[in-house]
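Summarising the annotation, TrEMBL assigns transmembrane segment to 21-44, 56-76, 83-102, 108-127, 139-157, 163-186, 207-234, 246-267, 274-292, 298-320, 332-352, 358-380.
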Amino acid sequence: MAKSGQKRTIDGAAGQDSLAALITLGTAGVMTFLAMPVIAAALVNVLGASERDVGLFSTIQLITLSCGCLLSTFLPRGQFRRFGIAALAVMIVCDLLCLIRPGWTVFLVLRGIGGAAGGIAVSQATAAMARTRNAERSFGLFLALQTVLSIVCVYAMPPIIGAFGFAAAYSVLLAFDILALALVATRLRPISAAEEHHAMPGNDLAGWLRSGGMLVSILCFFIGVGALWTFLALLGQRIGLGETQVALVLSISKLVAFAASFLPGIVGGRFGRIAPIVAAAAVLVAAVQVYAVAGSFAVFVLATAMFSFGWYVIYPFQLGALGQVDHDGRPMLAAAALTGAGLGLGPALTVLGPGGPAGIYLIATLAFLGAGLFAIAALLRPSSPAPILAQGS
């Protein structure tokens, strides 16, 4: 290990391979979430499931994913390869069993177990990526791969389901899980207990408070995303957009998100972390206001482009900032659980406002403001970054 205060990284191909393994591991953990719209539609169209059944399926996936993330906080720290392999093995078994067309109850149990394993996978990968030399770049690439695969799921899975039945949808997830397992097993090196102790000596009171501030910032961000993204299609329909136009808007949002996900890696630490987070939060708040006055397709596209841009810029910087102030590791492991919590709280909180679009815009605006303010509070005092482990460049 390097001496205290120094950074130790792996450069070159080995480092890139480690980063690729981590990004693939994390993406495998959320693949079931990325494919959820397609799977939910297939449940209704192929199996004749009711809306209640689809809601139960979605809830189980989100809750167990979050539970898996929280479970990671109780596991020995730094064992990214060990727990990544274990989580992927469980996910592969669950996907294989789903291919044999189990009954509805068994199917839900399998997806719950697989969801918890996915939560462990994504939290372990997130914690490891926070220790790379350019954490924002790592997280940006992580989001970029998710964007690409969400598009692949939309276009590749329906024909597979149509040809081979509903259960075949999990063949796509299975193939990606096997790829992730191969990369993690061959490209990710184990971390010794001594290295882990050096890298994560623990938080003092200030460290816990600042880590908590960043976690609240992340939660606020996803509350805003949940409030807005959940009702995006309905907001478009309210101003007269047809289904084709709404679908085009969503496709444009994916393209903007993919491009924006590379920006954090390019910007890196040139402007610190407060300025990019505040700027992205301001873009998100502005996007909500543009939605509020949108009366045409062009303005709605502009608002959605701003929303996607802010989304895929602020989150990598938030995670990088959390990695900066967290010298214990458990807050970073828990961060991934806030995705599901925020996405669920956002729509629920909209009913507390004036109702209708006004309630959506109010909650989203307050949430995005909170994301920026809590980040400022957490990052105002200078903080020395934790030593970087050899997990990619």
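Numbering starts at 1 and runs along the chain as it is shown here.
The backbone N, Cα and C atoms fix where each Cβ goes, glycine too.
Under the criterion of 3 or more C-beta pairs below 8 Å, with sequence separation of 6 or more, the transmembrane segment (56-76) and the transmembrane segment (358-380) do not qualify as touching, having fewer than 3 such pairs. Note on the transmembrane segment (332-352): residues 62-63, 65-67, 69-70, 72-73, 77, 119, 122-124, 126-127, 130, 215, 218-231, 319, 322-323, 326, 359-360, 362-364, 367 of its chain, located 6 or more positions outside it, place their CB under 8 angstroms from a CB of the stretch. With a cut-off of 8 Å on Cβ pairs spaced 6 or more residues apart, the transmembrane segment (207-234) and the transmembrane segment (139-157) reach fewer than 3 such pairs and are scored as not touching. By the Cβ criterion (under 8 Å, sequence separation of 6 or more), the transmembrane segment (163-186) is not in contact with the transmembrane segment (246-267), since fewer than 3 such pairs are found. At the 8 Å Cβ cutoff, the transmembrane segment (246-267) and the transmembrane segment (358-380) share fewer than 3 close pairs (sequence separation 6 or more) and do not count as touching. The recorded stretches the transmembrane segment (108-127) and the transmembrane segment (274-292) do not share 3+ CB pairs below 8 A when only pairs 6 or more apart in sequence are counted, and are therefore not in contact.
Counting Cβ pairs under 8 Å that are 6 or more residues apart, the transmembrane segment (298-320) and the transmembrane segment (139-157) reach 3 or more and are in contact. Residues 209-214, 216-218, 220-221, 223-224, 227-228, 231, 235, 272-274, 277-278, 281-282, 284-285, 288-289, 291-292, 310, 314, 318, 321, 324-325, 346, 349-352 of the same chain sit 6 or more residues outside the transmembrane segment (358-380) yet have a Cβ under 8 Å from a Cβ within it.
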